[in-house]
């Protein structure tokens, strides 16, 4: 009975594809086939007769298909042996025959795949959601593969059409004599065709069979004014240039990164408009914050809020804006290192190393305690505590910009301690990013494998420490043998032309961040070390480079702080304002108290007064918690609600930071230095 049912379903598909034209007939045949499959509703003689007739029709179609395939093979051999045809004509005709062969084979395969899918659905349980989901997934995969095959066939048809045009041109050229100009243009055309073939990357064909590659359905969206007739010609140009936007079923949006034809210059107009809009709106927002006594960086964050998803939602290329903003972090940390000479680093290196480590350990201990009381998973408690223990290096460097920071009577400078601790936190950030995959595995592991996960974390920590040692060894070699001659060469070549100096310094920054990235340490540390190495060449060198790099840093910093505003959601803050204010004040007070406690233990007695300023600088939460939170949410370490809480607490702590910093400056810094620090 299963064999009869399978054959009947087989014949059903063929009948549906080519024999029936009426919808009512379709439904009758479907019902009849289901009854036959279940052994009901028909006598044995009728069942056998229907099956035999259907098999006869299908077998006739398959025999006819084989006859056509043999004729196509003979036709291909005849074309290849025909000496009267040019190579282009042979290529066109053979290509056309091969496409038709492939179409016949794919049509036959589609019939059998459809029969198998229908048989599986009839045998399934309609009450079993898991089974229905698996059937739906298999059908979706089949449709994706069919779409890919159809797309490839269409591309082959375009290629065949191109070969046909080539053949016609060759026939025309043979029938008439060409002028010198026509011959030159024909040679140029052939050279251009060879160039396109050489530079074209078959990325689709090369990657479609790679492990981990999935076929997905996407929407191709043109400009917002797609319905406007006056933009029709513009849309046609953009369509040809491949500047449309793709949207997948998960609502992720994609733009073109590398075109098929690299000979045509292209530009991402959405990204250009985003940068222009941010630049224009940042000016009034920055002015407003200056008027009310806030740092301009908060005006740039407000600009991002107004233009982001929670505001006008006018930023299309969010990822590209955030990527450009990362360069603002790089150049900011470079200038921080430029002001942070190796002599000052040696003076406070013990405090810079011990302080952040003690604070992180204490934050994790408090986090585990509260997590145990609130019944939160240990992995989630560790992540949240580590995330909140980090402080914002770009924010504090803006606080310290232009301030007078000289040591007095052998005392330790508060800016040196503060920047040293922040740089060490950047190192911890790189360490934590490296440990995150193990933390994810630990969250999904049983208690029997916790020991293995702890050992793995210890091994990772050992690798990071080894990488740090290698980084500082490389810095020692560069400082001793390379940085002096390199800068003197740049200074000589850049007389009357600052372009070479700026390019040389930027290349050195990128070299250092590449080295630290290859050694699995954060790129931010590489930028800081690049500035520290150049500052070893003297005060005059520092002043010259700072005057060239500061304008670049300022513009990129605007983009960076605006990109932070893209992830601030005022409506969520307003809805949960009471809870968020309580959490933010708790985090800020806890970080301030822990910093004061740690600094009281490690600072010399003569420098105890700076603990209040340093603690105020460390009391906010780093903007890198956005990055860590997004990764943890994707990995399943934290929930959506916890992620939004981290974003909101980070934002509010950054808003409170200027007030806390000014209060500490007013209390602890003498009046002449206080004016320059604020």
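A Cβ is built for glycine as well, from the same backbone N, Cα and C atoms used for every other residue.
No curator has checked TrEMBL annotations; they are predicted automatically.
Residue ranges 234-251, 252-269, 270-287, 324-341 are listed, and TrEMBL annotates 324-341 among them as transmembrane segment. Ranges compared are 209-226, 353-370, 371-388, and TrEMBL records transmembrane segment for 353-370.
Counting Cβ pairs closer than 8 Å to the transmembrane segment (353-370), the top stretch among 292-312, 501-534, 581-602 is 581-602. Here the listed stretches are 324-341, 501-534, 581-602, 642-665, and the one with the most C-beta pairs under 8 angstroms to the transmembrane segment (292-312) is 642-665.
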